[in-house]
Amino acid sequence: MKLGIVGLPNVGKSTLFNAITKAGVEAANYPFATIEPNVGVVNVPDDRLAALEKLYNSKKKVYATVEFYDIAGLVKGASQGEGLGNKFLSHIREVEAIVHVVRCFRDDNIVHVEGNVDPIRDIETINLELIFSDLEMLEKRMDKAAKLKRTGDKTAAAEFELMEGLKAHLEAGKPVRTFEATEEQKEFIKTLFLLTSKDVLYVANISEEDLISGEENDMVKAVREYIKDENAGLVYICARLEEELSSLEEEEKLEMLREYGIQETGLDRLIKASYKLLGLMSFLTAGPQEIRAWTIKVGTKAPVAAGKIHSDIQRGFIRAEVISFPDLMSSGSEAHAKEKGLYRVEGKEYIMRDGDVVNFRFNV
Ligand code: GDP
């Protein structure tokens, strides 16, 4: 899962990104790709892995991961080429969802680009840039469709009409993700690669005092109210504290969290919220070599899930042997669970559930 961090200058993006890279998986331990300097990879917290590691006496555990892309430099006028403008907008095109950091702390020592702290204005500023960029893309596609429409192309005519609707929606200042469309229309809209069609998770960056008090400040309340019709998520964090926490050893970190009376780090909450927003879940594979969590979309069928592990397993899929994590744990071992008949044999149409511990059978 790839998430892009955006927000105005001086809202705390780099601070959050530093926390992510420090807390994150080291580049050397990340087998899938080389990590670029603007990418931070973090594990998706999942207590089930440690429990399974014990049960199987496994050599290692591998968490599902999330990649955060630091997309700094999005400023007012970016869609007109201000700052590094369009270059940043094109980076946003490559991520699956947007993490939009909003400053909700007051600190006279830290200059706000607009002179004062006003999260709603900030959100509008960024969103407007994304909307402008989408309008530009859309108009190009509409020109093409208009030409085809004139030749009597019915599909082009329908697409043109749909895009007119989208254009009006954007011109009213609304993101594409709130546009009502049929499933078929949604498939077409995907092909437009519009920035505001991506899911957004707003991150309210609050002060340490507000975090400790546990009370939502007026700025966060205003953000919650402002985005209520947007199909977006909201989490609050204190970026500065996260940066401190991420440089501590596990024991010290727990100690500090206890001191502050906090259950889990903001980073963990952020990762979990991203998972939820994107409709993701994990299934697990377990054995003496390795315990591992794999990310899939809610509603994924068994063969597609198998394909996450290897395309050969999907191609040669025969069946899945499945047990739920709680059933496996309460049995005390795989052998006991089998004796009790708790393993299910599932076929091609089986829809995976969160926490399924799976063994796929396949033809090579
Ligand atoms: P960016 O431009 O959005 O990347 O912002 P930075 O992460 O560089 O943060 C701008 C300034 O705000 C830095 O001096 C940070 O130390 C400070 N800052 C970031 N998060 C917090 C916070 O939670 N509380 C306070 N008081 N300052 C913060």
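The backbone N, Cα and C atoms fix where each Cβ goes, glycine too.
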(message) Between 63-90, 231-258, I'd like to know which one TrEMBL lists as coiled coil.
(response) 231-258
(message) Give me the sequence-ordered set of same-chain residues, not including N10, V11, G12, K13, S14, T15, with a C-beta within 8 angstroms of the centroid of the ATP site's C-beta atoms.
(response) G7, P9, L16, V101, R103, N205, A239
(request) Work out, from DSSP, the number of helix, strand and coil residues along the domain 'TGS' (279-362). (result) 26 helix, 35 strand, 23 coil
(request) Counting other Cβ atoms within 10 Å, pick out the least crowded of the binding-site residues V11, K13, S14. (result) S14
(message) If we skip the immediate neighbours and take only residues 6+ beyond the ends of the coiled coil (231-258), which ones have a Cβ under 8 Å from one of its Cβ atoms?
(response) 12, 15-16, 18-20, 22-23, 101, 104-105, 177-178, 199-208, 210-211, 216, 220, 223-224, 264-267, 269-270, 273-274, 276-277
(request) Work through the binding-site residues one by one (N10, T15) and point out the residue whose CB has the fewest other CB atoms within 10 angstroms. (result) N10
